[in-house]
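S.K.: According to TrEMBL, the protein carries these features:
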TRANSMEM  B:6-24  transmembrane segment
TRANSMEM  B:36-56  transmembrane segment
TRANSMEM  B:68-87  transmembrane segment
TRANSMEM  B:116-134  transmembrane segment
TRANSMEM  B:167-183  transmembrane segment
TRANSMEM  B:195-222  transmembrane segment
TRANSMEM  B:251-269  transmembrane segment
TRANSMEM  B:290-316  transmembrane segment
TRANSMEM  B:386-409  transmembrane segment
TRANSMEM  B:415-442  transmembrane segment
TRANSMEM  B:449-471  transmembrane segment
TRANSMEM  B:504-526  transmembrane segment
COILED    B:658-685  coiled coil
DOMAIN    B:692-916  domain 'Histidine kinase'
Amino acid sequence: MSITPQHRPRRVQERLVALIILALLLFCPPLLLVIDALPAAGLSWLPLYIFIAWATLIGLTAWLMEDGSKH
Amino acid sequence: MRTDPVILSVAFGYLALLFVVAAWGDRRAEQGRSLIGSPTVYALSIAVYCTAWTFYGSVGRAAEHGPSFLLIYLGPTLAMLMAPLLIRKMVRIAARQRITSIADFISARYGKSSSLGALVALFALVTITPYIALQLKAITVSHAVLVNYPDSADTSLVDEAFWMDKSFWVALVLAVFIILFGTRHLDASERHEGMVAAIALESLVKLIAFLAVGIFVVFVMFEGPGELFSQVAATPELAQAMSLESVPGGATGWVGMLLLAFLAFFTLPRQFQVLVVENVDEQHLKRASWLFPLYLLAINLFVIPIAMAGLLLGGLSGDPDSFVLTLPLSTGSEGLPLLVFIGGLSAATGMVIVETIALSTMVSNQLIMPLLLRSKRLHLGTKGELAGWLLGIRRVAIVLILLLGYLYHALIGDAYSLVTIGLVSFAGVAQFAPALLIGLYWRGATHQGATLGLIAGFMVWAYTLLIPGFVQSGWLDAGLINQGPWGIGWLRPYALFGLEGWDIYTHSLLWSLLANVGLLAGVSLFTRQTPLEQTQAALFTEAMNPNLQATSLWHGKTTQGELRELLSRYLGMPATRRVFAVSTNQTTTSLSPTLDDNEQPASTELITRAEQALAGSLGSASARVLINSVVRGEALDLESILSILDTTSQTLEYNRRLEQKSQELARIGEELRGANERLRELDRLKDEFVAMVSHELRTPLTSIRAFAEILRDGENLPDEKRRHFLGVIVHESQRLSRLIEEILDLARLESGRLTLNPQPLDLAHLARHSVDAIARLQENRGVTLKMQLEAEPAPIIGDPDRLEQVIINLLDNAGKFADDTAPEVLLRVYRHKKHYRLSVEDNGPGISEDERERVFEKFHQIQQHEEEKTRGRPKGSGLGLPISRGIVAQLGGRLWVENATSLDGASLIMELPEAPPKEPASSEKPIAT
Amino acid sequence: MARVLVVDDEPNIVLSLEFLMEQAGFDVVTAEDGESALACVNDAIPDLILLDISLPGISGFDVLEQLRADSDKAHLPIIMLTAHGREVEREKGMALGADDYITKPFSTQALVSKVKALLAETDK
């Protein structure tokens, strides 16, 4: 069955919640400790990792929100 | 370039530009062509989050504490991710209840409590004043750095009189700006369009300025990020600068700071102002939810490179907070430092403007108005007089707040670095979060719980962050921090209950939130809500319920006259007329109030709208008090609200079920249509079959009747003719009965009632038997019949009589279609895999590819060639092959047409599965016939 | 002597019709399908045709249509013979210009008198 208009906002909301959980995982210690422990010549990889994860999240949110607003 | 007159004219020129933009924005709003009705402008206005603290302080924090500065922006990123869920709810509530500030919001949630609103306003004032001071300090310091470089900036500050301090004058200009553009309307819940436009512009300016200095440092002072970071890598003392180790409190500190920034983003009065109060359209949140984080990412992109560059070129100026200015200054650049100064100025002024508006609204609506309303004398004020009073109060509040900020800056501002003051403020406003966020989702949170939680949270915050700050400023004895008050070790403010090793903010946040949330939840569970509180709690928690907005919440009664008098006293005549205009438009045609109208009872919608109008100007708590003074009766109680909600959810559920049902019905309808279609087709086929049958039966019947009548009428027929005609009658009668037999067979086959008598038998034997039966007939027709038994015995399971019928039918058919001159038919029995096959070939013209399936259709007659017809061959009924196929299929076999392999014509092949091996005796036993 | 063309693909029916017509005093020509029927019309020039509908190849309706389209033979009396008893077919036959329509099995006496009546009519 195809997604009817009533189902769509709920689907967008579910994706958003998944995105929030992903953001929490990306920005919280377990993963950060792993990244921080990576051997680096010079500065730690941590800031680079954060900027990349940050940009990815922004991209995903933009895709989700702008795509959803068309419907 | 760096002389005071130039800097001052540029700085005040920039402020003048803000006035122009704001005035333009307001003008456009009046013309109905709003400048700020765009999600992008909305996102930019939210960027008021980035203050001078971001502009100068981020680099400072990165230099001292590594990547922890990023947390201040990751928190809001998380918060904005939730915007479509969380902030949207706040926006909807605020729009519906005409909320004017965060204090108003919290007060409204807990039964429009004026005491709670006052508490929040007071705490906000205490918390935010240092933060405003911080912005003014940033302006002073950056100005000093700009003028005095390369001398140290610090010395010049202390001894100057306040009128020499540029930030004093900036504060004064800002006061004028805010009074002009922040208090245009009495209704504080209305948008300040001009101000928002100016703030959006400021956000652009500070971003451009910061990116400019970043690009300058990375690409002009160094040859790109590669060179910068390889120099950093070559400096051992910087190796750990950006790892988690340099973050205060390590992983715990990281999480604490993330949470702190997340909470503060919702509860900072200026953020609440731009996010919720100034929101024009809920839909803008969608764009803002990613555009604002993108803004944060962009403005932080160059923080680390600038910090690293500053540290590499170490000691060019002691304070890392000033790297943004001192780095370009160190190269002798003139224009860029000025741009940076303007960027910092825009960051600071933007924050001060919005924060002051938010605070002044709180002070006037939550602190002063409730006090004024208690004074009986004011109730007697003439029409419109109070409206003027209100605006006056707000204007005075603006001046006082800015003055307070300036005093704080002048007296104790030097004690902290920029970031420290900012974080202390963050932790302070974070205390609003439990009452705000929990109240949005938990209907049971009570006024007492929220109040006690808030007070406790603030006390813990003050003890663990604010007071130690005074110690560090040297106002109190350092022993308080080191030994605890009166030497009690477990009361040390930075290590409460012996919790050590945490950074001070996470430490403070933990204890204060613990006390706050604990009391909010605990007390709420044991206290009772007033009816109004229950109503408000339900309205807040169920705000996204789609049918709630249409509901009128007043049950009370009053006359239009009384209501009109109340509104005009507080809001003035024009606003009152607007409130009434909407309602009279709907009910009566006359717009002017008549004596009659004044005696009319006010409708519930009118009362609701009147309360909203009052709330937009005075705050919800005061509006409530005023409406109560004229309306007899109560607002809708919890029961009614719940019943509205329940009906709504029941209706929704009912609708959902209906929708499901109708989908089901549609599907069933579709199926029925299909079935009907098939039935029609079957019906058509049946009609056709009946017509065919009737045609086939009439043909022999015609001959029989004709000859019977000829015989009856012709008495003098010769004997020879008589015999001939009788012979025809007999022959046609036989044909008729055979036809009837076949039709019955077919009917039985199709209805599945043909009873077969399956038994083990030898197909080869059966073939031999059938050939014997038909050999004579074929011989008469001149057909050469050959037999080739390649598998003998060929044990299968079948009904011997029926199979013989099939074989004879096949042989008979083949004989009819074999070649004219030398007709030949070949019967073969052979094994194929686990099956036995019987094929009957002829040497006729064969059957074309597309005819091969159609020969099995009922009454199908293969078109015979011209010359064949003339031969007068006996025609079949057209039922033999369909019947044969039906019999074979019922025995688990197949019957089909192929090209003949040995002869030239067609080959009909019958395939039956091999019989499972039984006891040898039975499989070899020949069949009875 | 009038000549009757009998067209049918059932040999026994042709046999019976041939006998009946000869007995009634007509000259008889027979054909088994539509094509040879059309050929016979040109060669033998019959005065009346007994035409079966379901013929192999060109059907009786087609033969009827072609004859009616030909101005020379348009007035040739034609009696349709059919085992299809359906009213629709009867109407179709009459619409195409058949002079009469007889359903199989038929009464021999009725058939013979119809043929005679038709021939007498055309003689006038």
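Numbers here mean position along the shown chain, with the first residue as 1.
Cβ coordinates are placed from backbone N, Cα and C, and glycine is handled just like the others.
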S.K.: Do we see three or more Cβ pairs under 8 Å linking the transmembrane segment (B:504-526) and the transmembrane segment (B:415-442), pairs being at least 6 apart in sequence?
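M.R.: Contact confirmed: at least 3 Cβ pairs fall under 8 Å.
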S.K.: Counting only pairs 6 or more apart in sequence, are there at least 3 Cβ pairs under 8 Å between the transmembrane segment (B:415-442) and the transmembrane segment (B:6-24)?
M.R.: no
S.K.: Applying the under-8 angstroms CB criterion, which one of B:36-56, B:68-87, B:167-183, B:449-471 scores highest with the transmembrane segment (B:6-24)?
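M.R.: Out of the listed stretches, B:167-183 contacts the transmembrane segment (B:6-24) most.
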S.K.: Under 8 Å, at least three CB pairs between the transmembrane segment (B:386-409) and the transmembrane segment (B:36-56) (pairs 6 or more apart)?
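M.R.: Output no: the transmembrane segment (B:386-409) is apart from the transmembrane segment (B:36-56).
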S.K.: So what's the mean pLDDT when you look at the coiled coil (B:658-685)?
M.R.: 87
S.K.: Based on Cβ pairs under 8 Å, which of the stretches B:36-56, B:68-87, B:116-134, B:167-183, B:449-471 lies most in contact with the transmembrane segment (B:195-222)?
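M.R.: Going through each listed stretch, the top one turns out to be B:36-56.
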S.K.: At an 8 Å Cβ cut-off, counting only pairs 6 or more apart in sequence, do the transmembrane segment (B:449-471) and the transmembrane segment (B:116-134) clear the bar of 3 or more pairs?
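M.R.: Checked: the transmembrane segment (B:449-471) vs the transmembrane segment (B:116-134), in contact.
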S.K.: Looking at the transmembrane segment (B:36-56) and the transmembrane segment (B:290-316), are there 3+ C-beta pairs under 8 A, with each pair at least 6 apart in sequence?
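M.R.: Stretch pair touches.
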S.K.: By Cβ distance under 8 Å, which residues at least 6 away from the ends of the transmembrane segment (B:167-183) in the same chain are close to it?
M.R.: 11-12, 15, 18-19, 22-23, 26, 136-137, 139-140, 143, 192, 194-195, 198, 345, 349, 352-353, 356-357, 360, 391, 394-395, 398-399, 402-403, 405-406, 409
S.K.: Below 8 angstroms Cβ to Cβ, which residues of this chain, lying six or more residues outside the transmembrane segment (B:116-134), approach it?
M.R.: 51-53, 101-104, 106-107, 110, 268-269, 351-352, 355-356, 358-359, 362-363, 365-367, 370, 401-402, 404-409, 413, 416, 418, 421-422, 424-425, 428-429, 431-432, 435, 447, 450-451, 454-455, 458, 619-621
